[in-house]
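Below is one structure, written out as structure tokens; comments come after it.
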Amino acid sequence: MAEREGRKMGRNTNTYTYHVETLQQWLPLTRLHILIHLIAVVSLCYYRLSHLFLHPPTPPWILITAAELLLSMLWFFNQAFRWRPVSRTTFIDKLPREDTLPGLDIFVCTLDPQKEPTVQVIDTVVSAIAMDYPSDKLAVYLSDDGGCPVTLYAMREAGAFAREWVPFCRKYGVKLRCPKVFFSPMGEDEHLLLQEGFKAHRDLIKAKYEKMQKNIEKFGSDPNNLRIVSDRAPLIEIINEEPGLPLLVYVSRERRPSLPHKFKGGALNTLLRVSGFLSNAPYFLVVDCDMYCNDPTSAKQAMCFFLDPQTSKDTAFVQFPQMFHNLSKKDIYDSQTRTAFKTMWQGMDGLRGPGLSGSGNYLSKSSLLFGSPNQKNDYMLDAEKYFGNSTGFIESMKVMRGQKSSKKSISREEMLKEALAVCSCSYENNTKWGTEVGFSYVILLESSATGYILHTRGWRSVYLYPKTPCFLGCAPTDIKEGMLQLVKWLSELLLLGFSKYSPFTHGFSSMSITHSLTYCFITMSSFYAIVFIIYGIVPQICLLKGIPVFPKVTDPWFAVFAFVYVSTQVQHLVEVLSGEGSMAMWWDEQRIWILKSVTSIFAMIDAMKKWVGLNKVKFSLSNKAVDKEKMKKYEEGRFDFQGAAVFMTPMVVLLIINIVGFFGGIWRVLNEKDFEEMFGQLFLVTYVMVLSYPILEAIVTMKSKSG
């Protein structure tokens with residue numbers, strides 16, 4: 001029925017047991033545009049290269065040619081995302097009975113209560129506990145990698161509150177199960193107010209929630225309770241283990257200053273092992289500590305792919321978009337990352353699946369523990385070599401694999417003792433953890449590397465973008481945090497591009513060419529810095545000196561350059577508007593894209609330092625604490641560069657060069673009357689000036705305040 005409806009609408013639809021896959025409606029036009037644009041790009045490259053052979057090469061021409069060849073390569077990689085984009089719809093009402101659903105673990109990771117406010121972390125944990133999933137099949141684990149007293153205290157408070165919150169949500173059919181959101185004005189539901197006794201019950205629960213918040217804040221007011229304990233023994237505490245409620249567990253793995261801990265990847269691999277003893281679910285959700293579960297049905301939506309007979313065998317993970325509750329209408333920093341979650345991930349979904357984003361993803365434990373989708377059980381014959389010497393954990397994997405366990409049942413105390421052993425710093429020594437087992441340690445971005453490696457092993461993934469956001473987090477609202485995050489991501493991805501797992505080598509040998517190209521783009525996207533720095537300096541200086549670097553406006557070759565520019569802008573505009581965006585969003589995205597691209601030069605420098613061993617590998621945690629003053633500027637659509645002077649240095653230099661080039665170029669053209677030769681450079685410098693005006697204004701404001 002769904003397939004017939006899809007064909008009536010002119011769309012190519014594949015119908016499965018529990019979900020539907022629909023190809024993008026205007027796919028033929030998209031592919032036609034790519035092919036036409038490709039011809040223009042090849043022609044442009046021919047023009048540049050042939051000029052080098054026919055005329056004496058000059059430094060400006062060589063630099064511009066190099067920039068345009070690099071830009072053409074990145075454009076080519078980027079089109080792989082647009083070759084076969086799909087969207088998906090799930091049918092959770094068709095799933096098997098709840099008592100037959102598989103077990104599900106939820107992993108939440110936190111580190112620093114000063115950057116990740118504890119009350120915010122607990123909201124995420126409580127929203128996970130209240131997931132619309134059978135309680136006896138659900139377990140929630142919090143990894144406290146800071147070993148902070150306030151986090152353990154808050155978990156105990158959360159466990160007590162959950163005993164009231166979960167039954168309340170189920171009794172009245174509450175949809176917004178993050179208590180902070182539910183008790184806010186946006187959480188009011190007139191339908192609930194009509195139910196008898198609801199208002200009184202709600203007020204009672206609200207009072208208990210506010211008491212929990214006050215208790216946590218009071219406990220956290222002591223600086224000693226906020227301290228990160230970097231030298232500590234492992235600790236596992238079962239917070240809740242009552243019938244009718246999900247299992248709730250606090251985990252703090254062993255940390256020693258002199259021993260490697262592998263950051264978040266190491267914490268997640270520890271949770272994989274600990275959960276094998278306590279719940280041993282075949283699937284698990286990873287969610288950032290600031291991304292609460294907004295739609296309690298997300299687990300069942302993910303099961304529509306894991307349990308579907310046609311997709312269950314080789315589906316490694318289901319990725320949901322990262323969406324944010326604190327975005328302003330203008331979103332001048334493009335914190336929503338529309339391009340990634342609307343264009344790139346949907347495009348990869350039509351190939352072999354999107355990458356792993358680090359939060360909001362449901363994973364199959366089999367994909368991380370048992371190699372390829374066709375891996376046979378003889379994989380377990382040499383289990384200690386792969387998984388370590390914990391017989392309890394190895395037996396738990398046999399059970400999950402459907403094999404008989406030879407181990408007798410043990411007491412909860414013995415089980416916890418064994419679970420503590422797999423939390424030690426030395427447990428992973430001489431094993432395959434981080435290489436062939438669990439989350440990858442290839443780079444600090446454990447999620448990106450793991451998702452990519454799973455694809456190279458033959459697994460596929462799924463991207464689901466439902467109308468109701470399933471997870472909502474807190475996006476950076478100032479440029480400093482955004483740039484810190486960007487540099488961290490791009491430098492690590494660049495390292496992946498030059499590692500033994502590079503998509504240019506390992507990827508092409510084990511994945512489809514089109515899918516590999518998407519990873520080529522992801523790992524090499526920091527190279528835009530080279531393009532924009534050359535384009536921001538060379539044409540402007542040449543304009544001042546009267547040296548043309550583009551064809552004369554009356555030259556037929558000028559039409560090729562004009563077409564490439566207009567074609568690129570039209571493609572971007574169509575993607576923004578088709579995704580319910582606006583012209584203002586299209587313009588703002590261009591601005592922030594150039595700003596971020598120029599700033600990514602720091603990512604290249606950082607990656608180079610790490611490559612040669614000059615930089616110590618370290619993880620910089622994003623600050624999730626809200627600054628009211630910065631939030632106000634963000635909501636007003638004003639750029640705020642306070643604290644980001646270093647990141648802004650390249651952009652400031654380019655703006656100065658462009659200002660001089662703009663006014664000096666106009667003066668020179670008016671005097672020399674060579675408008676036809678210099679039109680391309682005049683247009684470029686004018687475009688940069690208009691696009692950069694709000695940035696220039698913010699920089700001037702920042703300088704005046706600091707002065």
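Positions of Cβ are set from backbone N, Cα and C atoms, glycine also.
Nobody curates TrEMBL annotations by hand; they come from automatic prediction.
If you look up TrEMBL, you'll see Lys115, Glu116, Asp145 marked as UDP-alpha-D-glucose binding site. Feature annotation from TrEMBL assigns Mn(2+) binding site to Lys264, Asp288. Per TrEMBL, the feature transmembrane segment maps to 517-537, 641-666, 678-696.
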Would you list, in sequence order, the binding-site residues among Lys115, Glu116, Asp145 whose CA lies within 10 Å of the CA of Lys264 (Mn(2+) binding site)?
-> Asp145
Most Cβ neighbours within 10 Å, among the binding-site residues Lys115, Lys264, goes to Lys264
So what's near the transmembrane segment (517-537) in sequence-distant terms, Cβ-Cβ under 8 Å and 6+ beyond its ends?
-> 63-64, 66-67, 70-71, 74, 76-81, 344, 347-348, 351, 355, 448, 452, 455, 490-491, 493-494, 496-497, 502-504, 507, 511, 594, 597-601, 603-604, 607, 650, 654, 657-658, 684, 688
Distance from Asp288 (Mn(2+) binding site) back to Lys115 (UDP-alpha-D-glucose binding site), taken between C-alpha atoms, in Å | 13
Within 10 angstroms of the C-beta of Asp288 (Mn(2+) binding site), what count of other C-beta atoms is obtained when all protein chains are considered?
-> 23
Roughly how many angstrom lie between the C-alpha atoms of Glu116 (UDP-alpha-D-glucose binding site) and Asp288 (Mn(2+) binding site)?
-> 10
Hey, how far is Asp288 (Mn(2+) binding site) from Asp145 (UDP-alpha-D-glucose binding site), Cα to Cα, in Å?
-> 13
